[in-house]
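Peer 1: In case it's useful when we look at the structure, here is the feature table from Swiss-Prot:
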type	residues	note
COMPBIAS	196-205	compositional bias 'Basic and acidic residues'
DOMAIN	71-115	domain 'LysM'
MOD_RES	Ala2	N-acetylalanine
MOD_RES	Ser5	phosphoserine
MOD_RES	Ser24	phosphoserine
MOD_RES	Ser33	phosphoserine
MOD_RES	Ser57	phosphoserine
REGION	1-40	region 'Disordered'
REGION	132-175	region 'Disordered'
REGION	193-215	region 'Disordered'
Amino acid sequence: MADSSPALSLREGGPRAPRPSAPSPPPRSRSGSESEEAELSLSLARTKTRSYGSTASVRAPLGAGVIERHVEHRVRAGDTLQGIALKYGVTMEQIKRANKLFTNDCIFLKKTLNIPVISEKPLLFNGLNSIDSPENETADNSFSQEEEPVVAGEDLPPPSPQESDVQPVQPEEVSARDFLQRLDLQIKLSTQAAKKLKEESRDEESPYATSLYHS
């Protein structure tokens with residue numbers, strides 16, 4: 001009994017051996033997580049969202065090649081926010097944001113609405129020069145000057161020699177005497193033709209009459 005007491009005292013009150021701890025997972029690199037978040041934000045920025053009741057998509061923010069202008073729309077009795085958005089090709093949220101509307105029925109609290117219409121500038125095919133360059137502006141101005149109509153009363157350039165040589169055909173002047181002579185000639189010819197036709201018809205009827213007489 002005396003021999004077993006020290007062993008019991010060691011088991012009950014003695015210091016215990018430390019347990020082996022589980023290996024901790026390797027720390028995740030912050031650069032990898034940041035790159036994933038950046039890719040996710042870019043993919044969300046590229047996606048186009050559509051709102052209910054509108055065919056227009058949310059376009060890119062204003063920058064190169066995009067112009068935003070406001071069109072004034074007069075509110076009428078039968079207008080709806082959805083119909084106005086479809087008419088101008090914008091979203092209902094854009095109209096609400098531009099006019100500070102809280103609900104769809106708030107459009108009747110205003111007489112006019114500002115519609116934000118976004119239009120894109122057409123760019124050249126190479127993508128290096130836009131329509132707004134000075135060269136294109138001069139080309140547009142020259143093209144518009146060519147299309148200007150000629151105002152009545154302006155001095156026209158003199159006609160070319162070829163055009164001046166071509167003169168319209170003047171109607172032949174007929175005197176009263178010539179006119180009467182031509183009229184008499186036509187009457188004479190008509191009378192002769194009628195007399196000839198009458199003689200031919202008489203000659204055709206005469207054999208038929210003699211045959212009836214002899215019969």
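Glycine residues also receive a Cβ, built from the backbone N, Cα and C atoms like all the rest.
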Peer 1: Within the domain 'LysM' (71-115), how many residues are helix, strand or coil going by DSSP?
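Peer 2: Split into helix, strand and coil, the domain 'LysM' (71-115) gives 22 helix, 8 strand, 15 coil.
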Peer 1: Taking only the residues in the domain 'LysM' (71-115), give me the average pLDDT of this model.
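Peer 2: Its mean pLDDT is 86.
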Peer 1: Mind tallying the compositional bias 'Basic and acidic residues' (196-205) by DSSP state, helix then strand then coil?
Peer 2: 10 helix, 0 strand, 0 coil
